[in-house]
């Protein structure tokens with residue numbers, strides 16, 4: 001309890017955490033919880049099972065509770081914002097008139113865009129119709145920027161249309177896409193003065209107090225339009241001074257600060273953000289936190305954690321809701337109508353409820369994207385951007401929207417691009433590093449070669465049912481076509497999976513298949529072997545986990561596997577992502593994943609907590625034709641076996657190429673074993689029992705001790721010398737004083 005309390009976690013949550021036997025925070029929790037409680041956006045990456053869910057759930061629960069408590073007691077933040085219009089009452093950059101990657105500090109004056117490929121701009125909250133006016137901009141780094149003036153009609157890309165005037169760091173002035181030499185270049189630590197004389201129709205600039213001369217004459221078509229301070233940035237940071245602070249280089253010749261302009265000269269921005277500002281009145285269907293998960297199982301797992309963490313929170317109590325598909329929407333709607341504070345859900349149902357107005361995002365304070373790489377790989381990038389655009393950037397109590405992104409890897413290009421677009425100066429917490437295979441995992445490859453192993457010819461019809469990709473092809477022995485070898489691979493993989501289970505007498509394993517139909521076919525084959533879901537204790541007892549199974553069945557199947565009622569969990573990557581299953585002794589990859597990171601995710605499920613684990617991958621030596629649905633039904637009722645490039649829904653799958661990519665990614669060569677799947681014992685480990693802990697002090701540990709022993713002895717001698725020297729220095733002056 002004390003360990004979590006030291007990070008600022010409230011006692012009620014710390015008590016609940018202690019009851020869960022979490023005596024100390026994990027590394028990811030120790031790093032992330034204080035950052036989130038401090039109000040920052042956080043990108044976090046750590047292994048599955050490292051406590052990521054707690055790392056974001058604990059601070060989210062606490063801040064939601066504190067927000068509700070403040071509302072209950074009638075407190076408001078320092079910068080209460082009742083409507084978007086109140087933002088317009090002061091001179092600042094307008095949070096409702098800016099590019100998607102343009103960030104504005106809490107003072108409204110410090111601005112930044114870290115997009116390196118695109119320009120993102122912003123205008124101020126007020127403009128001017130008359131008079132002579134001046135403001136300053138200080139450059140905080142060496143990024144690219146343009147500053148100046150524009151009308152409400154102008155593009156945010158300042159100077160690229162006929163309604164804006166810009167001056168850029170490269171020493172160019174710009175108007176209507178015409179870039180001409182002007183003044184001189186400016187960069188970090190320079191201060192640019194922006195002058196506007198509306199009465200004469202002149203625009204000019206200064207650098208560090210040096211007048212650069214007339215830049216533009218305002219054309220007649222803009223004489224009756226208000227001009228607003230504006231800028232556009234590319235990987236740059238600026239700070240505006242509209243006159244509230246003392247100018248570094250005060251203007252002369254009758255120019256006055258914008259903040260001192262008479263009210264009659266001022267025009268407020270039309271972008272008041274009414275649709276983007278948190279409403280202060282209570283809305284039952286408007287949660288304070290939205291947590292998006294890629295699968296039902298992960299969403300349920302996260303919700304259960306939230307229920308445990310909030311166990312002792314009272315007055316006000318927090319109300320949570322799970323929004324997932326496959327469950328009657330009316331039940332979810334009835335809970336929404338009674339009020340909800342934290343929503344955990346999957347994209348499909350969330351999108352439905354938001355688009356129909358049943359779920360209101362106007363009061364969301366936290367947006368959490370769990371397993372963001374999984375969400376993006378499933379094609380939910382547009383959904384995430386739509387959700388983010390509907391959530392106000394500033395809440396009713398003046399707090400900024402916090403975005404937390406959890407990902408198995410932060411090195412994904414898509415995750416980086418997403419973070420640049422929707423996050424505000426995020427802190428990266430990467431405790432995962434480069435992918436590697438733990439010491440407790442043995443992983444081997446079994447080549448599936450239909451040309452050398454002709455077992456598939458002798459099986460007749462007593463083999464696993466295949467996926468019907470070759471239903472219209474001639475796959476009979478002797479055809480010697482790519483289709484025949486492909487069908488043979490599918491048959492052999494079913495046999496090899498059974499052989500692996502028998503050879504290693506597996507009592508528990510996760511079996512990964514590439515598609516849902518592959519999972520179903522393998523389950524049916526295990527039923528033919530006498531096993532299946534209802535055969536508790538049988539050698540081939542199994543359950544299936546994938547997106548086409550009903551939610552209740554998926555939940556029940558997962559629980560039965562965890563309890564040990566069945567030996568095997570047959571699943572797809574998507575269904576298994578992030579599920580909290582620990583210490584499984586075996587994993588079988590019936591097909592290698594098409595994303596190399598998923599290989600590490602799969603085999604990382606064995607050999608945890610110092611328990612040895614074995615991962616067996618069945619890798620075809622020939623190309624296999626597989627389903628790759630691009631149709632609108634996503635495979636339901638689709639029998640189009642033509643190749644994708646011919647308008648169909650199949651591709652040729654090259655597992656040998658995937659294997660080489662995985663080996664390159666891990667910087668190792670994966671051992672291959674014969675089709676009899678007898679795995680040779682590692683010479684350092686001696687006899688291995690998978691699922692059991694390694695022998696204490698076993699392996700090559702003794703060798704490490706021998707190597708390090710001289711260094712440790714040297715350090716011990718150095719420490720003794722330092723301590724002795726310190727004591728001599730401490731007592732010697734006193735002894736000298738006594739003798740004198």
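Glycine is no exception: its Cβ is also placed from the backbone N, Cα and C atoms.
Database features (Swiss-Prot):
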| type | residues | note |
| --- | --- | --- |
| DOMAIN | 2-428 | domain 'Helicase ATP-binding' |
| BINDING | 46, 47, 48, 49, 50, 51, 52, 53 | ATP binding site |
| DOMAIN | 70-247 | domain 'B30.2/SPRY' |
| MOTIF | 370-373 | motif 'DEAD box' |
| MOD_RES | 481 | phosphoserine |
| DOMAIN | 493-681 | domain 'Helicase C-terminal' |
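Structure with Swiss-Prot features highlighted.
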residue : record           : contacts (Cβ under 8 Å, 6+ apart)
46      : ATP binding site : 26, 27, 28, 52, 55, 429, 431, 432
47      : ATP binding site : 432, 604
50      : ATP binding site : 26, 27, 28, 431
51      : ATP binding site : 22, 25, 26, 28, 29
53      : ATP binding site : 301, 302, 305, 370
481     : phosphoserine    : 473, 474, 475
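On the 0 to 100 pLDDT scale, the domain 'Helicase C-terminal' (493-681) averages 88 in this prediction. Helix, strand and coil content of the motif 'DEAD box' (370-373), in residues and according to DSSP, is 2 helix, 0 strand, 2 coil.
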